[in-house]
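The structure appears below as structure tokens.
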Amino acid sequence: MEDFVRQCFNPMIVELAEKAMKEYGEDPKIETNKFAAICTHLEVCFMYSDFHFIDERGESIIVESGDPNALLKHRFEIIEGRDRTMAWTVVNSICNTTGVEKPKFLPDLYDYKENRFIEIGVTRREVHIYYLEKANKIKSEKTHIHIFSFTGEEMATKADYTLDEESRARIKTRLFTIRQEMASRGLWDSFVSQREAKRQLKKDLKLQEPCAGLPTKVSHRTSPALKTLEPMWMDSNRTAALRASFLKCQKK
């Protein structure tokens with residue numbers, strides 16, 4: 001699984017996932033399923049944000065190519081992917097600027113159009129079960145929840161899906177592609193089942209050999225949001241990143 005993750009995801013996503021795991025004392029080489037899950041979640045958060053802006057009238061617009069007008073403001077502030085200290089700094093800055101209630105837990109995004117924090121979920125299980133788990137943990141109506149599954153299902157607070165259908169379809173397609181790529185390499189079952197994952201881990205540790213059949217090339221095409229990893233994510237210089245294209249798994 002580790003080799004698959006490093007081949008399938010953008011190197012910047014992989015690096016962020018590694019840092020996040022190490023921050024909590026976890027080893028990506030051992031907890032490979034969690035490594036894959038974190039990379040997937042990061043990519044969904046970035047795709048959620050990509051290309052969405054607010055114009056001078058306060059309307060949400062999509063700009064997919066070229067440099068948008070400097071007056072445009074990014075609709076979403078990305079919080080996921082930061083170390084905890086910087087993430088809370090961003091959250092506090094947003095709360096002080098907008099007057100919204102500070103969340104108890106770190107959210108993934110902030111939506112400047114709807115003036116709300118967003119919690120993104122990506123699940124291998126039933127979306128409604130994962131949604132309820134998120135809601136019970138957060139216990140706040142102020143944070144919007146949006147759950148995606150690898151089967152194309154989704155669930156959001158009050159059925160408000162925030163994004164347009166095409167933008168959500170991109171995310172669903174990417175998740176389905178990841179599932180298919182895992183399945184073709186015999187990794188999906190262990191990714192879904194903890195029991196199977198433990199069995200696979202013991203086998204991998206015993207063999208200590210790289211997985212066969214993995215693609216030999218890594219895509220270095222960077223999602224626009226990945227180019228925004230500066231100390232604070234609130235300036236308009238991020239717009240030049242729109243020239244980049246979405247990352248996709250490369251097949252051998």
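Including glycine, each Cβ sits where the backbone N, Cα and C put it.
Here Swiss-Prot flags GLU80 (among others) as active site. GLU80 (active site) is surrounded by 23 other CB atoms, counting those within 10 A of its CB over all protein chains shown. According to DSSP, GLU80 (active site) sits in a coil region rather than a helix or strand.
What Swiss-Prot lists as active site is ASP108 (among others). In three-state terms derived from DSSP, ASP108 (active site) belongs to neither a helical nor a strand segment and is classed as coil. ASP108 (active site) is surrounded by 23 other CB atoms, counting those within 10 A of its CB over all protein chains shown.
Annotation source Swiss-Prot lists site 'Important for efficient shutoff activity and nuclear localization' at ARG195 (among others).
According to Swiss-Prot, the feature site 'Important for efficient shutoff activity and nuclear localization' maps to LYS198 (among others), an assignment based on similarity to another entry.
Per Swiss-Prot, the feature site 'Important for efficient shutoff activity and nuclear localization' maps to ARG199 (among others).
Positions annotated as site 'Important for efficient shutoff activity' by Swiss-Prot: LYS202 (among others).
Look at Swiss-Prot and you will find LYS203 (among others) tagged as site 'Important for efficient shutoff activity', backed by similarity to another entry.
As annotated by Swiss-Prot, site 'Important for efficient shutoff activity' applies to LYS206 (among others).
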